[in-house]
Amino acid sequence: MSSTTDHEYEKSSHHPYADDKLNDSIGTGDAAFEYGEKTEDVDIENVGSEMSGEGIPRTGVPVGPGAPLGLAATKTSEKNGVDATRVGTRVSVNNTSQIPNGGFKAWMQVVGSFFLFFNTWGIMNTFGVYQTIYETSYLRSSTPSSISWIGSVQIFLLMVGGALTGPIYDAGHFRALIAVGSFLIVFGHMMLSLCTSYWQIILAQAFCIGLGTGCLFVPAVGIISTYFHSRLALATGIAASGSSLGGVIYPIVLHRLYNSIGFGWSVRVIGFITLATLLIPNIVMKPRVLPAAKRALIDWTAFKSAPFMVFTAGTFVGFMGLFMFFFYIQLYAITKHATNENLAFYLLSMLNAASIFGRIIPNFIADKVGPLNIIVPCALVSGILVFTLIPVYNLGGTVIVTLLYGFFSGTFVSLPPTIIVQHLSPNRGLIGTRLGMSFSIVAVGALIGNPIAGAILDARGFTSVWIFGGTLVLAGTGLMGLSRVLLVGWRPFVKA
């Protein structure tokens, strides 16, 4: 290992994956007791075609004549008393040497995940348009704070759904999750198109669509980690850019159609778009590995991991302030007369367009220098940009700040799953559980942040909203930076 004075990013000796032997033993040896349930996981890609049932084994495959080479084992498990020559060898997901890290099938999972993000976070990134429509016409009698609850509950259910769907995903019910989630999203949009009152919109948009997105989020990020290792951040970033593209297309569709065919049919068109695009992941996505046993709803060892808890706290605080820009930038531009109402509706699409690059370029660099080394400075810039909105009252300044915020805030969605997978989940068999745990905590921050901002807007105006949001993003940045220190120490040029 070369010296860090050469400014080369290296894996720290403090890092949980620094010892390759530990990597291979987690989940199969004594190290499993430290990180979770002592089980082995099945590598579907390496078990050949001689399988029973649905072709997705959980305990290995038969050996003997016709069995795939390399699967015949010669040891007997002293712990369980099972003859390994009879059940075959199971490959743990903790053995990263088995991960394809590319290939047609792997990149097809990225395509499928792209459209899952398109219809989860892409829908969430669109709510600013709904907020403006509801406040100015459709729900004019409701306060900004009460309207914000619709979008906040959506985001909350998207992330807290991971607490339930994480273990379901780990148990091997991948296809059921994306099928149920796809149905709820399409059905929710069709019901939203019929709504005429606040409580109906809460049920259709907040709860039905929110629960649907919650079913899709963990599968969208979890499956990529089973196909990619050294290029995981890039693959995740490409997939996550689907949320930005959704945030570009859906606001434009809604705004253009709303003025011509009305709210109901505008939402139905969006529902048909979700139907068409969600068929793709349901067709092309295929799990590569399945756990050999059911996982617990909670991985209690995670609460003993200081880096995991501090990073989760950082994302919790950061997400409290993150979406205020998304929810209120259009209304702010109209209120401050920075632009006309027609152009203001395109600000959210501009923000999400910039976020496409903000999820791919930083993630590409993150594979080289480490995701924590990227998310901390990007989050810092995002927090500063929120404050810069305070003195901006013209079109040029508003557009520039919006584009920059879209780029730098993109890492908030694309990099946390990669960080949890690569640095904060020593047992890869518990990835779904830890993702669900972390994002269910973060969901509370996303739930309460925007309604509080709406109440502040009613009482004190936009300046106080931007101060509140910017402070939260910067505080979250500080906690993320602390988690990096806990993980690898103070050395700035260590890959983390």
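Cβ coordinates are placed from backbone N, Cα and C, and glycine is handled just like the others.
The compositional bias 'Basic and acidic residues' feature in TrEMBL is assigned to 1-23.
The domain 'Major facilitator superfamily (MFS) profile' annotation in TrEMBL covers 105-493. Here the domain 'Major facilitator superfamily (MFS) profile' (105-493) returns a mean pLDDT of 89 for the predicted model.
Residues annotated as region 'Disordered' in TrEMBL: 1-24.
The transmembrane segment annotation in TrEMBL covers 106-127 (among others).
Within its own chain, the transmembrane segment (147-169) has Cβ neighbours under 8 Å at 120-121, 123-124, 127, 130-131, 134-135, 139, 176-177, 201-202, 205-207, 209-211, 213-215, 217-219, 222, 294-297, 319, 323, 327, 432-440, 442-444, 446-451, 453-454, counting only residues six or more beyond its boundaries. Here TrEMBL flags 147-169 (among others) as transmembrane segment.
What TrEMBL records for 176-192 (among others) is transmembrane segment. Same-chain residues lying 6+ beyond the ends of the transmembrane segment (176-192) with a Cβ under 8 Å from its Cβ atoms: 116, 119, 123, 165, 168-169, 201, 203-205, 208-209, 211-216, 218-219, 267-268, 270-271, 274-275, 278-279, 281-282, 285.
What TrEMBL records for 198-220 (among others) is transmembrane segment.
What TrEMBL lists as transmembrane segment is 232-253 (among others).
Remote same-chain residues near the transmembrane segment (265-285) are listed as 108-109, 111-113, 115-116, 118-119, 123, 174-175, 178-179, 182, 185-186, 189-190, 192-193, 219, 223, 249-250, 253-254, 257-258 (criterion: CB distance under 8 Å, separation of at least six residues from the stretch ends). According to TrEMBL, the feature transmembrane segment maps to 265-285 (among others).
What TrEMBL lists as transmembrane segment is 306-331 (among others).
What TrEMBL records for 343-362 (among others) is transmembrane segment.
For 374-393 (among others), the entry in TrEMBL reads transmembrane segment.
Look at TrEMBL and you will find 399-421 (among others) tagged as transmembrane segment.
Sequence-distant contacts of the transmembrane segment (433-453) (same chain, at least 6 residues past either end, Cβ-Cβ under 8 Å): 145-146, 148-149, 151-153, 155-160, 162-167, 170, 217-218, 221-222, 295-299, 302, 308, 311-313, 315-324, 327-328, 416-417, 420-421, 424-425, 465, 468-469, 472. The transmembrane segment annotation in TrEMBL covers 433-453 (among others).
The annotation transmembrane segment is assigned in TrEMBL to 465-487 (among others). Cβ atoms under 8 Å from those of the transmembrane segment (465-487) belong to residues 12, 14-15, 306-308, 310-311, 313-322, 324-325, 328, 372-373, 375-376, 379-380, 382-387, 389-390, 423, 449, 452-453, 456-457, 496 of the same chain, restricted to positions at least 6 beyond its ends.
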**Asked** Counting only pairs 6 or more apart in sequence, are there at least 3 Cβ pairs under 8 Å between the transmembrane segment (343-362) and the transmembrane segment (198-220)?
**Response** no
**Fill in**
Within the same chain, the residues 6 or more beyond the ends of the transmembrane segment (399-421) and with Cβ under 8 Å of it are 121, 221, 225, 232-233, 236-237, 240-241, 243-244, 308, 311, 315, 318-319, 322, 325, 329, 347, 350-359, 362-363, 366, 371-372, 374-375, 378-379, 381-382, 385-386, 388-389, 392, 428, 431, 434-435, 438-439, 442
**Request:** Could you give the residue numbers and ranges of same-chain residues that sit at least 6 residues beyond the transmembrane segment (106-127) on either side and whose C-beta is under 8 angstroms from one of its C-beta atoms?
**Result:** 100, 150-151, 154-155, 158, 178, 182, 185, 209, 213, 216-217, 219-221, 223-224, 227-228, 235, 238-247, 249-251, 254, 274, 277-278, 280-281, 284-286, 323, 326-327, 348, 351-352, 355, 413
